[in-house]
Amino acid sequence: MSASNATHTHLSSSGGASQMATTQGHLTASAITLNFRELIKEPKGLEDAANYLFQGLLDDVVAGIFIEIHHLRKTGNLTALDGVGEENAESAYRICEMPNLDIFGISTAKKPMDCTCPHCDRLVAAARFAPHLEKCMGMGRISSRIASRRLATKEGASASSSSTSTYIQSGGNTGGTDDEDDVDWSSDKRKKKSTQNSRNNGSKKNNGKIF
């Protein structure tokens with residue numbers, strides 16, 4: 001402390017050039033060089049000059065280290081620079097060597113993936129999702145046949161129900177009487193018999209060679 005006080009008093013007496021180069025207690029390289037040259041002009045001030053130079057260099061080094069550590073701590077790089085201790089590394093970052101597990105202890109076995117059917121909202125395995133969706137939506141060959149059969153039966157049932165309803169509404173008369181139906185049936189039967197008789201007669205004449 002005495003050396004620094006003596007240095008400051010000597011600087012104040014030597015001139016104001018060094019004070020102009022000093023800004024808020026922080027000395028630049030040119031200011032330190034200028035002050036050192038002024039101190040070594042006199043033989044009595046050699047010790048003060050050496051102390052002054054050493055103190056300036058020490059302050060500069062300490063300030064640089066302090067600023068660097070402060071920057072590393074604020075940015076979070078101080079831990080990365082220092083590293084992790086061996087005890088903490090073994091406990092927190094232990095490598096897993098078990099079968100079917102990676103180095104972090106996560107299972108490497110392939111898990112079966114499930115898919116949700118958009119039609120019935122059921123969970124189906126991914127390998128069977130396509131056939132299930134085909135059957136569920138009636139888009140396959142067999143499913144389309146079954147769906148067409150169901151549609152045909154529904155249409156037949158609706159047609160039969162509509163015909164019965166029209167028959168009931170008309171009071172059982174569908175355009176003709178029972179007598180007319182009987183006459184048509186008997187006339188058709190007579191026509192069939194006449195055609196059969198004519199065929200039989202023609203075959204008998206051919207057998208008897210009557211032309």
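For all residues, glycine too, the Cβ spot is worked out from N, Cα and C.
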Per Swiss-Prot, the range holding zinc finger, considering 93-114, 115-136: 115-136
Counts by DSSP class (helix H/G/I, strand E/B, coil) across the zinc finger (115-136): 11 helix, 5 strand, 6 coil
